[in-house]
Structure formats: structure tokens, C-alpha cells
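First the structure, in the form of C-alpha cells, and then the observations on it.
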Amino acid sequence: LCYRKGKTPRRPALKKTNNVEKDPVGVYCRIRPLGAEDEECCVEMISSSTIQLHAPDGLKANRNGEYKETQYSFTKVFGINTGQMELFEDVARPLVEDLIQCKNGLLFTYGVTGSGKTYTMTGSPGEGGLLPRSLDMLFNSIGPFQAKRFVFKPDDKNGIDIQSQVDALLERQKRDSQQSVPKTPSSRQKADLEFADMITPEESRKSKNIDEDCSYSVFVSYVEIYNNYIYDLLEDAQFDSVRPKPPQSRILREDQNHNMYVAGCTEVEVKSTEEAFEVFWKGQKKRRIANTQLNRESSRSHSVFTVKLAQAPLDADGDYILQDKNQVNVSQLCLVDLAGSERTSRTRAEGSRLREAGNINQSLMTLRTCMEILRENQMCGTNKMVPYRDSKVTHLFKNYFDGEGKVKMIVCVNPKADDYEETLVMRFAEMTQEVEVARPVDRPIYHLAAGRRHRNQGPAGGLIESLPALPPCELVDPTDDQTLPRLIEVLEQRHRIRQMMTEQVKFMLQQFDSQMSSKDTFVHDQQSKLNEKEKVILNQKTEIERLEKKSKTLEYKIDILQKTTEMYEQDKRSLQQELEGQEQMLQKELSERRRMEQRMQGVVTDTKLKWEKECERRVNAKQLEMQNKLWVKDEKLKQLKAIVTENSSGGSFPPEPPKKPERPSRERDHTMPQKRSASPTALPVMFQPKHTTTVPPVRPTHRRSRSAGGEKWVDHKPASNLELDTVMQPIIPNAIKVSTPNEKALSKCHKYVLRHQELASDGEIETKLIKGDVFKTRGGGQAVQFTDIETLKQECPTAPRYNISLKYPGLIMLLRCSVSLQMYFGVLFMINKIEDSI
Ligand code: ADP
Ligand code: MG
């Protein structure tokens, strides 16, 4: 007895969630039989879901045998022998079941003109198409449960209102009074095609899933879309056959559930299949007339027949429909006979017709594009905009694809050769199968106990009817004493029954009351819970606000930090660049310096080597020259000696045997001083300046040292000399002490002494003071003539006695030393000069 008044939206906007169940668009193929048996057939059904196209002979010849045997697959293929009933069972029947279960459906036929679209949808006498069969099944199912006319009333916004029985009755009476001739099947003019001719009684179908506790009502509308304009075919406007006015086109609107509808379109409430079919034929007729009058071609228009089913639950007593608009459930089935899909060229359209044709093709093209994009979006997860709005047909059915519903398409095929080229458009149909549409979900619309419709025919109703009938209570005879007691008895009986009923009702009321109170407490509980939840929500809201503020400040901080980081990074980059530049420069300079150093070293060693060689060469040359001169002089002296000896004949000098003069050579240089060692006079000759003509006087060898005299000395003490612990040390007053002799010192003095240390044969160090005179040479140089040697030697008292005979080897050493000394000076001067020039 209770019901929840919770509002369940009829068709809420579909939420785009992933767990929505989807079904692919059902695409069926129907092959019609050939017009004549001898015609060439180019379509073959190779399985229950596949067809194969064979290129016609003419085409094969034209293309030199290059053709493709194309195959297409569909949800199901219906061959030429498929009857209308079979097609209905497979394709339309599930849609009618859905309609009764409050689910929307869309069914359209697609194909070239003459392929059997209209035949499939409408049918012909004895072979009713899907439309009459669907209507038949619908009315067979809801027949006894239909609401009285005008209880359901379409509003202007694609919804359906509900009004009370009384209002509905008043409206009915008003309509009847306006219609002079009441419309009854008996008085009806015979329609062009009667429904009775369409379907045989044994082919009638009925749904088993009908909810008997609901009341139903059917509304139909019929529109035509021609040249992308929508026309209402059920409009009541009188058609002026003399001066035909172009009919008013309609616009599309979107209702609150996002369904598109034709604004202001006539919706006729129909109560039977016959009535519905009559309305359909009325529209058909109007379409035909308009097309003839306005010179249109019907094959170029789309026709849309919509069956709308409104259902609302009966109240708890099952007497009346619940007066709650929110409980009205509306579903619709659209049956669309699309325009011919052939290409414009084939229709030989001209002028305005061409434009129309273009438009029609355009709307079918849009349908195609929409399907392609939908498929792409669904398969690839893209979110491309589907251009539903580009044509009226696609716009009208937008919500079937975007929202939910069941979509089916029947592709009609004429297998004749002429249609071969057009049949290639079946690729579109095949592709459409991959588009998925959200499956409509079951929605419980009310929460009332089942079986309400028959409630009042139950025990309570029976009780009232079971009251005993009153006996005749007319008193004609005053003596009649039977009538009254019988009446009293019956009345008492009735009274008892009434009391029983009252008690029953009281009991029911009590039960109801207790149920009500428990419901009240339940509602109360829920209310308090709701309040608590609201508080929690409020708290959470403030918390969210706080967090939002915090996140904003944090975002701001992050922003600033990011900017700072960017600045620092920029700085870092520029500094790094600078550093790299500097490093490169440094490297360059370093390598330059290394190269320079190497070059300079090379130059120095080269020059050094050159000069050393040059020096050696010059010394050798000089030596040779001097020796030559010496030799010449010797010769001359000998000759002079010989002359003197000859002249004095027997003087103080004994005659010497003449010697064969010998030319000096380098090899002999070494032995020469040894030969001359006995005659020290020869030694100074070696040191004579180049152009000396006078020979310096010879001094006696054994004389007192004159080192203590007044002359100025150059005291040459080589740095390599060791300091010896001797008592006797030469003391030379007025001496210039040098470690290496130089020209400057020599030019200031007349005497030269070299402190020469060497190892004696007994292993002791011997210091020799080699003395000489300093001369100025003609060339401006200095020459030293060695004159004297003093030897200082330390000896160990335990060593063997000093052997005097070792005196001579010492002298040889001295001579050698003299030669090397001269070379030493020369080289020294030269090196000095080189260094200056560098
Ligand atoms: P469309 O509407 O596609 O232009 P129609 O439905 O008007 O084509 O069909 C053209 C003709 O072919 C009609 O006379 C129709 O009776 C016939 N026809 C079409 N399909 C069939 C079919 N499956 N069985 C028998 N006749 C058919
Ligand atoms: Mg047709």
C-alpha cells in the first residue's frame, strides 16, 4: 500500500562513464528478388552474414577483366526468399519489446531507389512491412491496458503530461461536440490500403512482458525531411489544390533529456493498429500530393514515422493512473525510410532538382561522416566532434548515438547489374556495424505492489457483492406478516456482514496506521541522518576551501621559485660560457708558449753547434798557420845559423848538421811540445800575437820568483780548485783575483798566474803556479807568455820519497795545459760575443 515518491527521471542524460554497456549498431542486409528472371545478378549471398559482389559482364569487359570480387559482412543477411514476417521477427520485434520496456529504438532502411526500402518498411497488401507489424504487436500487447483518451497529453517540450479522468472526459466531450461526424471504424472512408490487408491474424504477435499494473497510451507522428527541411505530414492545415502553398517547415529542438524533437509537430494519440495505420496513410497521402504538386521526387526524401509509448503506473488501488508526471515513462521507436542513396549523376537531375539531389546526398554523406567519426572516437579513444548538426537527419537522431538506445539499419540491395556501382556504398554499411551505442538500462519507475489492476476484483469487492439481496418489500396486504420479518432477517444479515466488513477495514486501518508510524520513524531517522550528513558536507566544504586557498598560495610560491630558478640558471649558463671562453684562451696561449719555447731552444742549440764548429775550425786553421810560420822561421833561423857559423868558422856554437825541413801537420802537434820540452824558448812562440815580429827575451829558468815585485798580477784561481789545508799559500799583492780570466782584467795587468791543481802520480794533489807575462797584441788583444812554474805539494811523511824523475811528465802536462788554456780563452770570448748578439 505504500510507495516511494522518489523522483526517477525518465531518461536522464547519459553519463559518460566507462562501465556503460554498449551494443554495436545492428546492420542487416536484405537482397530483393530480381525484377525479371533472366536479369543478370551481381550479388550473391555466400553465408548467413556475408554477401559477395560480382562485377557485371559489361563492366568486366570494360576493365579488361580487372575487377574485384568484393565481400561484405553484416549482422545478418536476408536473401531474396526472406519474407516480411521473418525479417520482422529478427529485426523489428526486439525493438518493439524494448519500446514496451521503456527503451528507445531507431530503425532505418538504407539503399538505392528501387532496392526495396519502402517495401521493407511499409510493405504491400498481404505483405505488411515492419511498420504495420510493429504497430500490430504493440497494440496486441497493450490493448486492454490502454488509458482513456486524453489522460496522457503531450506537452510542447517532447514530454507527456497526465491529467485526471474528469479533465480527460471533458476534453473528449469537447472534441466529440466539435466533430460533426464521430470517427468510428464503421463510418470511416475506406483507406487506400487497409491494415486488415497487411497482416493475417495468424501473423499477429504479442509481447509477454507487459506490465499490467501500468496504463499505456500511444502517440504517432510522421515527418518528411526533404532538401534538409522538415515537414509535418500530420498537420491539419487544409491543402489548397488550386494555389498550393509551400508547407511550413519545422525546426529541431532539444528537450531536457537531450533528445532532439521536431518543435510543434503533431502527435496523434491512437488506440488501435487500424487507427495508427490510418494516420500513417493520411500522412503518406499528404506526402504524395505535396510531391506531385510541388514537383518533388519522393525517392529524394526521408520519412520518419515515430511511435511514442507513454506508460504510467496505476495507483495503489489499481483504479486510476498515478497523477504524477514524474512517473510517466515515455519511450519511442523511430521508423525511418531514408532517401535513395544513389549518386546524383544517375538520377539525371537538372536545375533545382539537382540541388535537391545534392542535398539529399549531402545528408546521407553527413550520416556517413558521423558514423565514421563516431567509430574512430570509439575505437581510437579520440574525442573528435561528430557533425550531427550538418544535416537534419543526423541531428534528429543525435541522442541515439550520443546517449542511449538501440540502432538498427537494414541495407536494401537490388542485385541487378545496373545497381552494381551503387552497391559499392555498402562499405559504409559495413563500417557502421563497428559503431557502438549505449544500451538503454532498465529503470524501475515505481515501487508499488504488483497485481494492483485486479485488486478491486479481489475478496473485498466480492464481499460487497455477496450481501444478500433485499426481498420484495412492498406491503399490499395488511395481514402480510411474512414480508417484514423476511426483510428484517435480511437486513440483520446485512448488518452483520457490514459489521464484519467494518472490523476488517478497522483492522486494515490499524495495520496501515502502524505501518505509517513505522514509516514515520524511519523517515525521521533518515532526516536526522541527512542532517548529520549535511553537517559533514558543510565541514568538508570549508576544509576544501581552506585547502584551495593553501594550494593557491603554494602555487604562487612555486611560481616565484620557478622564476628565481630560471634566473639563476641563466646566470649559471652565461658564467659557464665565459669560463669556457677563458679556458680556451688559456689553452691557446699555453700551446703558443710551448711552441715558442721549442723554437727558441732549437735556435739556441743550432747556433751553439754552429759556433762551436766554427770555433774549432778557426782554432785549427790558426794553429796550422802558426805552425807553418814557426816552421818557416825555424828554417830561416837555421839558415842564419849556418851563415853565422860559416862566417865565424869555429865560434862558440858548434855546427849542427843540416836537417831536412819538415812541414808541420796536425798529427805531429802532439809530439812537438815533447820534443821542445828541453828548450822552453819555443813555448812563448805559441802565444805570440799574429803579427809579432820581435821575439821576447828569454828569461833564466832558475831564478827567484819575482812575484813579490811591484807589478800588477792577474791571479787566476779556477772555481774548480779545492781549498787545501797548506801552511804555505802564495800571496800576491795588488792582484786582481779572477775565477775565469777575462780580457778586461788582463788589459790592466802585466803578470798572470794560474793556480793549477792536478793529481800527482803518488795520488796527492799538486798545486802549480803557472806564471806568465801579459802582452798587448797588434790586433788589440792580450797574449800571455808563460815563463815560470812553481809547484806546491803536500806529502805524507810515510809515503815513499818523491821521485825527481817524475818532473818531466809534469812538464808535459803543463804544456798540454798551456795549449788548452789558449783554446779556452778563445772559446770563452767567442761565447761571450754570441751571447751578446742574442
Ligand atoms: P525503394 O523504396 O527502395 O525505392 P521500393 O520498396 O519502392 O524501393 O521497391 C521497388 C519495387 O520493388 C516495389 O514494387 C516493390 O514491391 C518491389 N520489391 C522490393 N523489394 C521486394 C522484395 N523483397 N520482394 C518482392 N518485391 C520487392
Ligand atoms: Mg521508397
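Placed from the backbone N, Cα and C atoms, the Cβ positions cover glycine too.
The feature ATP binding site is assigned by TrEMBL to G111, V112, T113, G114, S115, G116, K117, T118. All protein chains considered, the CB of G114 (ATP binding site) has 18 other CB atoms within 10 Å. The secondary structure of G114 (ATP binding site), as reduced to three states from DSSP, is coil rather than helix or strand.
Sequence annotations record features per position, and here TrEMBL assigns coiled coil to 530-599.
Residues or ranges marked as compositional bias 'Polar residues' in TrEMBL: 178-188.
Marked as compositional bias 'Basic and acidic residues' by TrEMBL: 657-672.
The domain 'Kinesin motor' feature in TrEMBL is assigned to 24-435. Per-residue pLDDT, averaged over the domain 'Kinesin motor' (24-435), rounds to 85.
What TrEMBL lists as region 'Disordered' is 172-193 (among others).
Residues annotated as region 'Disordered' in TrEMBL: 645-714 (among others).
Each of the binding-site residues G111, G116 was scored by the number of other CB atoms within 10 Å of its CB, and the largest score is that of G111. All protein chains considered, the CB of S115 (ATP binding site) has 26 other CB atoms within 10 Å. Less than 6 Å separates the Cβ from ligand 2 in the case of K117, T118, drawn from the binding-site residues G111, G114, S115, G116, K117, T118 in sequence order. For the ATP site, the Cβ centre of G111, V112, T113, G114, S115, G116, K117, T118 serves as reference, and the other residues of the chain with Cβ at most 8 Å from it are R32, T109, Y119, S299, G340, C412, N414. Counting every protein chain shown, the number of other Cβ atoms lying within 10 Å of the Cβ of V112 (ATP binding site) is 23. Around the Cβ of T113 (ATP binding site), the number of neighbouring Cβ atoms within 10 Å comes to 20. T118 (ATP binding site): 19 other CB atoms within 10 A of its CB, across all protein chains.
Sequence-distant neighbours of K117 (ATP binding site) (same chain, six or more apart, CB under 8 Å from its CB) are T109, Y110, G111, D337, L338, G340, I410, C412, listed in sequence order.
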